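Pasting a structure here, questions to come.
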Amino acid sequence: MQSKTFSVLSSCLLLIATVQGQLSGSVGPSTSISDKKAVKTCNVLDYGATNDNKTDVGQPIMNAFEDCGSGGVIYIPEGDYLIQEWVSLRNGTAFAIQLDGVIYRNGTTTSQGYMFGISGGSDFELYSSTSKGAIQGSGYLYHMNGEFTAPRLLHISDVSHWSVHDIALVDAPMFHFVIDDASNGEVYNMAIRGGNSGGLDGIDVSGDNIWIHDVMVTNKDECVTVKTGSHNFQIENIYCNWSGGCAMDSLGSGTNVSNIVYRNIYTWNSNQMYMIKSNGGDGEVSNLLFENFIGHGNAYSLDLDSEWSSMDTVDGDDGESRPPIRVICPEAIPCTDITIEDVDLWTEEGDSETYVCKNAFGSGACLKSDSSSTATYATTTTVTSAPSGYSATTMAADLTSAFGTDASIPIPTIPTSFYPGATPYSALAGSS
């Protein structure tokens with residue numbers, strides 16, 4: 001549903017319950033790169049790889065892991081590499097992968113699964129010392145033929161104390177980066193760029209105590225999205241640059257999400273600024289903080305929807321057709337303790353906008369205050385004048401058009417700014 005324009009948001013604070021939002025402990029690898037290099041460096045060129053974009057690099061990486069997976073650095077020097085054998089590294093400890101080259105998917109390979117998978121183990125780091133390392137999935141070779149069930153790029157599963165940073169993930173045939181049941185991790189200084197179609201998710205994450213910051217995503221589906229089984233996340237300085245937008249979704253049976261912070265989220269020409277999607281199921285979502293959102297040209301702004309179902313594109317591109325604030329909760333189990341404040345929204349088309357609330361209690365927008373009442377409700381509030389502070393800045397790197405699905409997508413340069421006025425927490429590795 002990524003049609004043209006919707007609204008502009010200058011600042012938004014949404015608070016559910018009382019969380020201040022934070023990590024529960026330290027994140028990132030337990031030992032430094034220099035410590036790992038002091039143990040051993042395994043250059044993939046010594047294990048049969050060649051940087052000619054013709055010879056498979058997958059098996060040489062796995063061979064290098066045999067020597068460096070229990071302590072050391074697997075080094076992929078600058079140059080172009082072809083991957084035909086998908087990489088699966090299991091239960092490594094105190095090791096890193098220094099990806100300074102570019103890995104290209106073999107266009108004739110029909111294997112599914114993840115091109116690059118790290119599972120189990122601890123104290124792991126995937127990074128580029130030049131900030132120019134990348135994985136190029138060449139997904140357009142699938143997409144131009146209408147195929148979207150295809151390989152994914154990067155998977156981190158059940159790993160503790162880890163980081164991924166200073167690399168680009170480009171044109172995934174399916175998902176770009178999936179984090180499953182990982183803990184104490186950090187993701188930063190990344191650029192993810194995919195085609196303009198659903199199912200090409202940027203980052204999907206579940207686990208405990210994870211910090212994701214200073215990341216740019218371009219696609220038409222999830223930007224940075226939290227999945228069930230997520231706790232103690234801090235997600236900030238995120239640049240959804242012509243994307244699907246950030247979300248919390250696939251919340252079905254056994255939902256269990258708590259202590260999640262989204263802060264400093266800039267959303268340009270996307271489906272939504274933030275959406276929580278569910279339809280039935282059971283479980284609990286609690287203690288969420290959404291703070292400092294800026295958006296331009298988005299189809300939806302804040303959409304908490306417990307009646308989500310597949311929808312056709314909504315006609316119209318104004319705030320009356322697409323409510324910028326929409327909080328829809330179940331009749332049997334309403335949402336409580338929601339605070340919406342300091343919100344400045346206005347439509348880019350038309351002269352009015354609506355807020356829609358249903359069985360949601362708290363303060364702000366169209367919420368009802370009395371959650372002790374057993375009466376269900378649904379209400380629509382119409383706003384006919386622009387708030388005084390709704391105008392917001394833009395970013396210099398805002399895209400003027402999406403990338404299609406029938407041509408190669410260029411590898412982007414990782415930006416040095418991900419949110420207006422916010423300095424990234426870490427300088428690019430390649431800047432030193």
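Each Cβ is built from the backbone N, Cα and C atoms, and glycine gets one as well.
Given the structure is predicted, the values throughout are model-derived calculations rather than measurements.
From Swiss-Prot, for reference:
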- 1-21: signal peptide (SIGNAL)
- CYS42-CYS68: disulfide bond (DISULFID)
- ASN53: N-linked glycosylation site (CARBOHYD)
- ASN91: N-linked glycosylation site (CARBOHYD)
- ASN106: N-linked glycosylation site (CARBOHYD)
- ASP221: active site, proton donor (ACT_SITE)
- CYS223-CYS240: disulfide bond (DISULFID)
- ASN241: N-linked glycosylation site (CARBOHYD)
- ASN256: N-linked glycosylation site (CARBOHYD)
- HIS296: active site (ACT_SITE)
- CYS329-CYS335: disulfide bond (DISULFID)
- CYS357-CYS366: disulfide bond (DISULFID)
Give the sequence-ordered list of residues that share a chain with ASN106 (N-linked glycosylation site), lie 6 or more positions from it, and have CB atoms under 8 Å from its CB.
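Long-range Cβ contacts: ASP56, LEU82, ILE83, GLN84.
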Look at each of the glycosylation sites, ASN53, ASN241, and point out the one with the fewest other Cβ atoms around it within 10 Å.
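Ranked by other Cβ atoms within 10 Å, the glycosylation sites ASN53, ASN241 bottom out at ASN53.
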Could you find out if DSSP has CYS329 (disulfide bond) as helix, strand or coil?
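DSSP call for CYS329 (disulfide bond): coil, neither helix nor strand.
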For the disulfide-bonded residues CYS223, CYS357, CYS366, which Cβ has the most other Cβ atoms within 10 Å, all shown protein chains included?
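Going through CYS223, CYS357, CYS366 one by one, the largest Cβ count within 10 Å is at CYS223.
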Other than its own, how many Cβ atoms are within 10 Å of the Cβ belonging to CYS42 (disulfide bond)?
23
Here's one to test understanding: among the recorded positions ASN53, ASN91, CYS366, whose C-alpha is closest in space to the C-alpha of CYS335 (disulfide bond)?
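Going through ASN53, ASN91, CYS366 one by one, the closest to CYS335 (disulfide bond) is CYS366.
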Radius 10 Å, atoms counted are CB only; among the disulfide-bonded residues CYS240, CYS329, which position scores highest?
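Answer by Cβ density within 10 Å: CYS240.
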Would you mind reading off the Cα separation of ASN91 (N-linked glycosylation site) from CYS68 (disulfide bond), to the nearest angstrom?
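Cα to Cα, ASN91 (N-linked glycosylation site) and CYS68 (disulfide bond) are separated by 12 Å.
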Helix, strand or coil for CYS68 (disulfide bond)? Use DSSP.
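The three-state answer is helix.
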Is it possible to get the count of other C-beta atoms within 10 angstroms of the C-beta of ASN256 (N-linked glycosylation site)?
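Looking across every protein chain shown, the total is 14.
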Can you give me the Cα-Cα distance between CYS223 (disulfide bond) and CYS42 (disulfide bond) in Å, rounded to a whole number?
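Just about 34 Å between their Cα atoms.
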Using Cα coordinates, what distance in whole Å links CYS42 (disulfide bond) and ASN53 (N-linked glycosylation site)?
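About 20 Å separate the Cα atoms of these two residues.
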